[in-house]
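Scroll down for the structure; my scribbles are underneath it.
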Amino acid sequence: MSKFIVIEGLEGAGKSSAVRYVADYLHGHGVARIECTREPGGTPLAERMRAIVKEVHDERLTIEAELLLMYASRVQLVETRIKPALADGIWVVGDRHDLSSQAYQGGGRGIDANLIGAIKRAVLGDFKPDLTLYLDIDPAIGLQRARHRGELDRIELEQLSFFERTRQRYLELAAADESIKVIDAGQAPEQVKAAIEAALAHYLKDEPSCIPG
């Protein structure tokens, strides 16, 4: 049975590299068909919504509009790419999913968790990842890494305190959900890769029927 695995984390945590690590590990363990996605974005329409969220505009984007754009982009991706792939036996590895909205818009922006939960239930129902790997990093270190990549986007331009609140919410959410595994992303890249592979090995051991044999 195909699975949906998600990588989460702050800016500079190494999510793109982690997506590759996961895909490579799965390929090495008999998973032939894997599709990688990102949020916001992942489809032509969802990418247009991503641009609105990420780019700096003359007009202020309200936090409520930001939240709704995130979920609009997300449900477009889920319904047009992720669910069809899973139904076709394709594993999906995602760079961000719903946990990002709970952490960024909920923790960082301070939007009420009940409102976010209501929107989530309305558009996603009970759909959720099978496994989430949260890459935990000191926000100051993550932002430093992001700056080294070049020009910052609208969200990356937020104050450090925003990312501290976001990280705190991530950790709270991880502590309450056993399907979310915390990976120390402040380690050297090879150590992060080893930790991700260990988490995958543990998950696949408990779900042996999902690996072709």
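FYI, residue positions are counted from 1 along the chain as it appears here.
Yeah, the Cβs are placed from backbone N, Cα and C, and that goes for glycine too.
These come from Swiss-Prot:
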BINDING   Gly9, Leu10, Glu11, Gly12, Ala13, Gly14, Lys15, Ser16  ATP binding site
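Here the binding-site residues are Gly9, Ala13, Gly14, and the one whose Cβ sees the fewest other Cβ atoms within 10 Å is Gly14. Counting every protein chain shown, the number of other Cβ atoms lying within 10 Å of the Cβ of Lys15 (ATP binding site) is 21. Local packing around the binding-site residues Leu10, Glu11, Ser16 was summarised as the count of other Cβ atoms within 10 Å of each Cβ; on this measure the leading residue is Leu10.
Taken residue by residue with DSSP, Gly14 (ATP binding site) is part of neither helix nor strand, so it is coil. The ATP site, placed at the center of the C-beta atoms of Gly9, Leu10, Glu11, Gly12, Ala13, Gly14, Lys15, Ser16, has further neighbours from the same chain whose C-beta lies within 8 angstroms: Leu135, Ile137, Gly142, Arg145, Ala146, Ala185.
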